[in-house]
Each structure stands twice: as structure tokens, then as C-alpha cells.
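Trainee: Before anything else, here's the structure in question.
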Amino acid sequence: MITVVTVPATTANLGPGFDCLGAALTLTNRFTFSLSDRPHVSVRGPEAAAVSSGPNNLAYRAYSRFYEYLGREAPPVYLEIDLRVPLARGLGSSATAIIGGLVGANRLAGFPLSHTEVLELAIEMEGHPDNVVPALLGGCRLAVQEDAGGWHWLEIPWDQDVVPILAIPDFELATETAREVLPPHCAYGDAIFNISHLGALLRGLETGQREWLQLALADRLHQPYRQSLIKGYPDLHRAALEAGAHGLVISGAGPTLLALGDPVTASAIATALKETWAKFDVQAQVEILAIQHQGTTVCDR
């Protein structure tokens, strides 16, 4: 039996939703599992050379972690990875690997774990929920943790006229580097600012109202510290707004930038971002995408 798992890229944080809000995008990685007499990993795609093809491969580690959790020996598999989500760009590439490995293992084991159990394992591996939850479930998702540690996730309605435009530069930014610039504590005023703006953002995404989205994308917990890691950020922000964007934020830990626009302004926003980054000698791939509502899919062939 051959099992194919397709996992969407994700954009996380969306401004004020630091480490709790993310959305699945119409850009995917594919993981193909077939039982074998020995473990083997094969990776293809534009950045395949940067991905381990041995036991340290993240998708294979997730596959092995699943069986470790069950207390069973992992059956050897031939794992083929079709890599389309850019690495270390703030698009949830690690989340696709973790979800791909766990879901593939769950299928081969006969689906012993629920979505909730798979996500708890994924959050344990990833360290935060904002990418893995929408990667598995699709749509825009808010992750909420209980005092006791358990997780819940809500689907956030996303108006079809709110268009995500992703500007993906030709340089990487490791998540660890982006986290190192964050202060260890935040002021009450900044926390309150983000709470109120997150509420406004959820309303803006649901209704598509420009005035809410323009207000809501501001953040004080992570973006002010990370903007210095992204060449030309002030100019890019200004160019996006002048082209008609509701706002511009850092996608995940960066360096990809996410602009929210509408069907009329999306093309102009994409052009403005590409041309502005070129002024800083940065070649950017700009994609006008949509929210992917299916989440991870599994099929056998």
C-alpha cells in the first residue's frame, strides 16, 4: 500500500495573534509512504539539497515519534517528499513535515489516534500550535490552551474577499534567530494592546471590513523586534499600504511578508512588494494565494 499525505503551508501570527493564530494556504508539500524492507528518505524539489535524507529528516522523526508514543516499533518505510513550501521563510515548512510524518504513521497504523491526539504530539514537537493546527485542520485557526495544559482550537471565519499576498524573499531566517530578538517579558500595556487588536482582527477577517483590518494588524509583542531582521521592512510596509493593502505583517517568524488585500488590489500589492524588495537587492517570489480549508489530506493508491 502507498499512502500520500498532502499538507498545506501556513502563515502564523497574522500580526497580534502571536503563537496562537494561523491559517492554511494553497501551497503544499506532499509525503508519500510505502512499506519497505528498510527505512529510506528521498526528497525532491527546489530546496531538496537542504533537507536531510537520513533518520534526522523531520518528517521521518515525526513518523518514528508516533510509533514511540504508541509503544510500538515503527515499520520501515520508503518516504518520498515533494518539497514545494520554501524552507526557513515563515511558511510553516517544519509544521508540514511534522504533520506529514504523524498523519502518515497514523494511516499506516490504522488511525489509532484522533486529530486531537495527533495535534498534541505535533505541538510537543513544534513547540507552539499556530502552524501545526491549521496545517492539519485547514482554514484559519485559533489555538487555546487550558490551565491544565490541554488544547482547544477554533475555526475563525475568513471572508472570501480578504486575499493573502505572500512576498517570499530569497534569504532565510531561522525561527531560533527570530525568537532570540524577543524580550523575555512584556509590559501589561503591550499585552492589553495585542488582546484588543486580536479581537478586532477576528472581526475583520470574518466581515472583510477594511477599517477593522487596517486597525487590527498592529502588534507590540513580536513584530517591532523582528522588523530589523528583514531588509527594507519600513519601505515594504509603506509600499503595500500605498498599493491598497489593509496591512502588512511578518508571516510566522519571517522573513516572508503577508499583505492582506482584496481581489481588486491584490495584483498591485504583489507588484509593489516585488519591486520594492528589488531596490534592496532582494529577489522575491510573490504569490497571491487563498485560504485552504481542507487541511491535510490522505489518499491511498
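Backbone N, Cα and C atoms are what each Cβ position is placed from, and that goes for glycine too.
Residues or ranges marked as ATP binding site by Swiss-Prot: P86, L87, A88, R89, G90, L91, G92, S93, S94, A95, T96.
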Trainee: Would you mind checking how many other C-beta atoms are within 10 angstroms of the C-beta on G90 (ATP binding site)?
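Mentor: I count 30 other Cβ atoms within 10 Å of it.
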Trainee: Long-range same-chain neighbours of S94 (ATP binding site), Cβ under 8 Å, sequence gap at least 6?
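Mentor: Result: L58, E126, N131, T175.
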Trainee: Quick one: what's DSSP say for S94 (ATP binding site), helix, strand or coil?
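Mentor: In three-state terms, S94 (ATP binding site) counts as helix.
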Trainee: Would you find the one among the binding-site residues P86, G92 whose Cβ has the most company, meaning other Cβ atoms within 10 Å?
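Mentor: The largest 10 Å Cβ neighbour count belongs to G92.
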Trainee: Near T96 (ATP binding site), which residues of its own chain have a C-beta under 8 A away, given they sit six or more steps off in sequence?
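Mentor: Spatial neighbours, sequence-distant, of T96 (ATP binding site): V7, P8, A9, T28, N29, V85, A135.
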